[in-house]
Amino acid sequence: MTDSDEDALKVDQGPSQDIPKPWVIPAPKGFLQHIFGTSQVFQSICDVKPKVTGLTVPLKVREYYSRGQQCLEQADWETAVLFFSRALHLDPQLVDFYALRAEAYLQLCDFSSAAQNLRRAYSLQQDNCKHLERLTFVLYLQGQCLFEQCAFLDALNVFSHAAELQPEKACFRYRCMACLLALEQHPACLSLITEELKQDTTNADVYILRARLYNFLQKPHLCYRDLHGALLLNPKHPQARMLLQKMVAQAQQARQDAGILAVQGRLQHALQRINCAIENNPLDPSFFLFRGTMYRRLQEFDGAVEDFLKVLDMVTEDQEDIMRQAQRQLLLTYNDFAVHCYRQGAYQEGVLLLNKALRDEQQEKGLYINRGDCFFQLGNLAFAEADYQQALALSPQDEGANTRMGLLQEKMGFCEQKHRQFQKAEDHFSTAIRHNPQKAQYYLYRAKSRQLLQNIFGARQDVATVLLLNPKQPKLSLLMTNLFPGMSVEEVLSTQIAHLARLQLERMVEGSLQAGGPQGIVGMLKQWELERQKALALQHSWKQGEPLIETSEKLQATPEIPQVEPGSSEGQAEAPKEEEEKEEEEQKEEEEQKKEEKKEEKKPKLTPSKVASLSESYLDQTSLASSMSFRTTCTSETETSAICQEYRSTSATAMTFSDSSLLKTQSSDSGNNREALSHGPRKIKDIQGQRQSLSKTQATQSQRQNFSKTKAAAHRRNSSKTKATQGQGRRSSKTEATQGQRQSSSEIETSQGPRQEPSKTKTTRSPRQRPRKVKAARGRSWRPSKLDATQGRRRGLLRSSTKTEAFYDSNWSLSKTEDVQGQGQRTSKAEAAQGKSRGMSSTSSKAESTWGPSPSVSKTEVGQDLTYYEVL
């Protein structure tokens, strides 16, 4: 205060020296005494006191200062403010008085006045940091009071002013953040926090503050990032752990919601929820796996692939299940993406995607099938075939793979047909049939190829199969016309070729079903049902096959009836009257044969007068053309009658063939003989209506084979029909119809033994018989001779014509039976019937009765014999 007083004195001395005193009239001496008299009261006034110059203002300031200090010490804040204000009024440049008055205002909680005084003091002395610090402190107190009074905007202004005065202090910015949060100005607060983190990155609290703000703003991925940063700075931060647990719980809830929405089919909403879960907890790979699956189902393949690859990067060794699922889903994504490209026509891109999938998985058949489809569309048929084969190797019974392989083989077959490679085309169509045996068009295409390859039998068989599968197949009528001219669908289906085609088709279908095996409970039920149906069908066939079984059993019971000698037990069992009647019949037959021979000598060699049925002729042509060297022809009714008569005398001789010539086909002789033995003429068309089932045919075949083998062991020949029918003599000549392997005449002669001599007629029955090229026809009606009917009635050993026809009809399915036995021989329903001629005399009849050989007859004799029966 001394310096200030001296300054005040100097200020006072200046004007006293400069300003001149005014001139006044001096008062006369004794004037006051004259006025006041002798009173001493006013005498002092007149005394002139000495004037103190330069000490008036500083003394007052000093006085106010001392009094103000006393008031501060006495907590008399208002009086202190008064004295400091008077002092500042006397001297406004006194900085310390502003600071003292600010303290008094601060104690009075007048923060604004205090801040104003401090601001004045700081403005007068800017180099004094104490005033600035005191000012910011006052502002902080003021802002905090306002904040507590919920005056957030005023508090924000105060804190902002303090932060401007001291930007190095973060506490003022933190208070500003709090004010902004209270004011719900989140973007401004977020920007302020971001600026703060740019300046200071070591404060975990700031990260947590921003993480909470992000979580409030539903930005969990940013929240998790800041939370992760806070945990890196302070792993044991309690607030950070609490927030982390909260986010994990939110993520699990979002995952559950996404699963429910996905089950409901609301994939877009499920995707939103799983995104929220990933944002709350981006370190869980299962969330990315689920989202990748959603992307795949929504056909957002890029996002799906990215998520699955991220899962493979995130999983650890103890998460093998998630890794396998991610790999599986990645393969499915590649596959679905390839399918999408396939639908869009981008086949090459589909191949590339499937190559990626197959690089990691080689045991998935669907990948090979889809890549094969892409190759098929690109025209790379070889690659497509390789992929389909690989798929079938993994799953042989896959319906899709078999269907695609069939289509591929069909296309490859067409390509080979264009290049006129018909054999290769047939192979391709056969492969297609093997993979899809119930596709009718494959058989139709193969039939065309076989027709061009001159495989008529195979072509007809394929056409029959097409009729079985789909009679309304387009372009079938043309092949029907070429291969079965003049025949209807019913007639074709009644042929032996149709039976063979049906059998092969059933075998292929059953084989494919058995190879697949039952798949689960449904497959087992289907298999049981199929077995039950088979059992019912077999039982039904047994019921229908009673006549056939009865006939075959009787044949087995008397296998050597044609070869019975007069001294055998069976011959002795016959009545003596029957033997006498047989001798009389033999004599009559000899007389009739002599007459017939004379007539035949007068006539030239006969030509066929009646054409066989179309079905039999086609079948015989196809089967015989491949295994025999001669062609059969049809015979007239007269010729067949003559053959019947001759067959009765030579049926036993025909049974001397060896086992190598199995019973395969029927000759016209057996049919004629049976018709001759019946009580009345019956047509073969009626016999066709009594066609037996497959099981009956097989049973009859086996019985006939045993019968023929038994007779072949005997090596005996019967010379007459009467001899052949001694004992029980029923339909023994029927088995002769099975000589159908297109054997040459030399082979037949060899099997007959040394009793036959080679001749121009190629005798196969007896030396007196000459084979005729006659084609057996089922549709023609044969008329037996009166003599045959008479002989049949006389003997009384013959069955009814119905049983004979039933047994005869069963022999017509021999070629089909042979296919069942696996012999693989192409046989026809009826082989070439060997024409027979007899010029029987009394000596020849005696020789025949004693089983002796007889010389061969000439063509003239045969002609006479046939002429005789034609006249009858």
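Positions of Cβ are set from backbone N, Cα and C atoms, glycine also.
Annotated features in Swiss-Prot:
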- 61-94: repeat 'TPR 1' (REPEAT)
- 136-169: repeat 'TPR 3' (REPEAT)
- 251-284: repeat 'TPR 4' (REPEAT)
- 406-439: repeat 'TPR 8' (REPEAT)
- 577-590: compositional bias 'Acidic residues' (COMPBIAS)
- 591-604: compositional bias 'Basic and acidic residues' (COMPBIAS)
- 610-640: compositional bias 'Polar residues' (COMPBIAS)
- 653-675: compositional bias 'Polar residues' (COMPBIAS)
- 689-709: compositional bias 'Polar residues' (COMPBIAS)
- 721-754: compositional bias 'Polar residues' (COMPBIAS)
- 762-783: compositional bias 'Basic residues' (COMPBIAS)
- 799-827: compositional bias 'Polar residues' (COMPBIAS)
- 839-861: compositional bias 'Polar residues' (COMPBIAS)
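In terms of DSSP secondary structure, the repeat 'TPR 8' (406-439) contains 27 helix, 0 strand, 7 coil.
Counting residues per DSSP class in helix, strand and coil order gives 27 helix, 0 strand, 7 coil for the repeat 'TPR 3' (136-169).
For the repeat 'TPR 3' (136-169), the model's pLDDT averages out at 89. Helix, strand and coil counts under DSSP for the repeat 'TPR 4' (251-284) come to 27 helix, 0 strand, 7 coil. Residue counts for the repeat 'TPR 1' (61-94) under DSSP (helix as H, G, I; strand as E, B; rest coil) come to 27 helix, 0 strand, 7 coil.
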